[in-house]
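Student: Let me give you the structure first, and then I'll get to my questions.
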Amino acid sequence: MGSRSRARQVAAALGFVGLLLAALGAVMIVMVPSIIKQQVLKNVRIDPSSLSFNMWKEIPVPFYLSVYFFDVINPNEILQGQKPQVRERGPYVYREFRHKSNITFNDNDTVSFLEYRSYQFQPHKSRGLESDYIVIPNILVLSASVMMEDRPMSLKLIMTFAFSALGERAFVNRTVGEIMWGYEDPLIHLINKYFPNMFPFKGKFGLFAELNNSDSGLFTVFTGVKDFSRIHLVDKWNGLSKVNFWHSDQCNMINGTSGQMWAPFMTPESSLEFYSPEACRSMKLIYKEQGVFEGIPTFRFVAPNTLFANGSVYPPNEGFCPCMESGIQNVSTCRFNAPLFLSHPHFYNADPVLAEAVSGLHPNTEEHSLFLDIHPVTGIPMNCSVKLQLSLYIKSVKGIGQTGKIEPVVLPLLWFAESGAMEGETLQTFYTQLVLMPKVLHYAQYVLLALGCVLLFIPIVYQIRSQEKCYLFWSSSKKGSKDKEAIQAYSESLMTPAPKGTVLQEARL
């Protein structure tokens, strides 16, 4: 009797525990998604208490700038009107360091900051040295010539004389370091003397001179602390709500983020918008596919075919015109009116006429398309490679002898890939806090519910089995009683004397 009582108590205890576990599992199924969402919102907003704040402030991801130059093989022939021939040189790789300063939190749920960048050459990652010589178009001479095309002949003749006096030619042979970070040029000194605010270059001219050890402008972005719906969106850049480089309000709009983080909880219908000070415009990337980076699920976003399309192909881009062939963007209005063009490397995704006009170009998707891999739950980039090309429109200009007989052509100068991937301790912390723990909680809720249901069945099964035993005992007891009554009745019948006249028959075996 004691063992049966203990079994009943154990079964009841297990049932009670099962009830608690099942209830906890059910509550978790209802509450965990909300808890995870709140934790994500808490940790991705721009707030000193958030997990991602230090990541936002001092980007721990190693970024690399890989630069490829187009070495002009036949400069003299180009001056005679022949087709340009180029050879790709590089990559010349630089480690890019970024840090934010002057961080100021404002009362309207925004934060203002300056982000400084610096670059260090990485010989072990490069295919060549900064001392390598490259033949490129003389950007100052050829761009100034195109800009002066419609000016009076007298001015063009004066310019020809000035170029000759300063020893300026249509093509220059300079080292990688000089092209990147600047070289002394007498024309720059002359311009700075008489037109001091015309160029940002002080004494030296270099394609990346203005980027090294400098900031990309004063960004003011929404923190998401008070209003999650606007998290990371740019409110102003250099105090402006829109720029004035282009010819339409839509093209002048500052849309999206500053290009480092995006709103969490993305779907395949989401897009990535960001403002690029270097391109002087907002850009929009579209969803392509799901993927996995180091065990972390990602969404890959790529450039649409319309990113650099001209106005005739994609009317919303009409504001970026005057346009040439589709696939290149005229950035002259934000680059001192120099005839510079932005595009994908090797004129990938552009009108084939552009690549066919220059020998040595081989556009392909694998090498020349850009992408960003984003963790969709947090909106944080895991892996990215942004690739862009800078080209110069050159042509013969009547009255300027240095331009010779150059046929009109958009000649590539260089292309670069700005790449970075999360790694090391940062990757491990991110994976543990924002991927592994939510995954553990997700599975734990169903395990608890299933285990609770199993334990709940124990007292039920015990009760059923106990009732069966009682029924069997009662049935066997009742049957035994009937048998005893039958035997007793039979015995009494044998002991009773037979009535007179009854003949007893002999029992035979």
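From the backbone N, Cα and C atoms, a Cβ is placed for every residue, glycine too.
Pasting the relevant annotations from Swiss-Prot:
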CARBOHYD  ASN102  N-linked glycosylation site
CARBOHYD  ASN108  N-linked glycosylation site
CARBOHYD  ASN173  N-linked glycosylation site
CARBOHYD  ASN212  N-linked glycosylation site
CARBOHYD  ASN255  N-linked glycosylation site
CARBOHYD  ASN310  N-linked glycosylation site
CARBOHYD  ASN330  N-linked glycosylation site
CARBOHYD  ASN383  N-linked glycosylation site
TOPO_DOM  1-11  topological domain 'Cytoplasmic'
TOPO_DOM  33-439  topological domain 'Extracellular'
TOPO_DOM  461-509  topological domain 'Cytoplasmic'
TRANSMEM  12-32  transmembrane segment
TRANSMEM  440-460  transmembrane segment
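Any idea what these are sitting next to in the structure?
Tutor: Other Cβ atoms within 10 Å of the Cβ of ASN102 (N-linked glycosylation site) number 11 in total over all chains.
Look at ASN108 (N-linked glycosylation site): DSSP puts it in coil.
Within the same chain, residues at least 6 positions away in sequence whose Cβ sits under 8 Å from that of ASN173 (N-linked glycosylation site) are TYR133, ILE134, VAL135.
ASN212 (N-linked glycosylation site) is surrounded by 17 other CB atoms, counting those within 10 A of its CB over all protein chains shown.
Less than 8 angstroms from the CB of ASN255 (N-linked glycosylation site) sit VAL234, GLU273, PHE274, TYR275, SER282, LYS284, each of them six or more residues away in the same chain. Classification of ASN255 (N-linked glycosylation site) by DSSP places it in coil, neither helical nor stranded.
The secondary structure of ASN310 (N-linked glycosylation site), as reduced to three states from DSSP, is coil rather than helix or strand.
ASN330 (N-linked glycosylation site) carries a strand DSSP state (E or B). A 10 Å cutoff on Cβ-Cβ distances gives ASN330 (N-linked glycosylation site) a total of 20 other Cβ atoms nearby, all chains included.
The Cβ neighbour count for ASN383 (N-linked glycosylation site), using a 10 Å radius over every protein chain in view, is 20.
Computed over the topological domain 'Cytoplasmic' (1-11), the whole-number mean pLDDT of the model equals 66.
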Student: Other Cβ atoms within 10 Å is the metric here; tell me which of the glycosylation sites ASN108, ASN310 scores highest.
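Tutor: Per the Cβ count within 10 Å, the most buried is ASN310.
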Student: Nearest of the glycosylation sites to ASN212 (N-linked glycosylation site) by CA-CA distance, picking from ASN102, ASN108, ASN310, ASN330?
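Tutor: That would be ASN102, the closest of ASN102, ASN108, ASN310, ASN330 to ASN212 (N-linked glycosylation site).
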Student: I'd like to confirm something. Which of the glycosylation sites, ASN108, ASN310, ASN330, ASN383, has a Cα closest to the Cα of ASN102 (N-linked glycosylation site)?
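Tutor: Comparing Cα positions, the candidate nearest ASN102 (N-linked glycosylation site) turns out to be ASN108.
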Student: Which three-state DSSP class does ASN212 (N-linked glycosylation site) fall into?
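Tutor: Where ASN212 (N-linked glycosylation site) sits, the three-state DSSP reduction gives coil.
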Student: Report, in whole Å, the straight Cα-to-Cα distance of ASN330 (N-linked glycosylation site) from ASN383 (N-linked glycosylation site).
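Tutor: That comes out at 29 Å between the alpha carbons.
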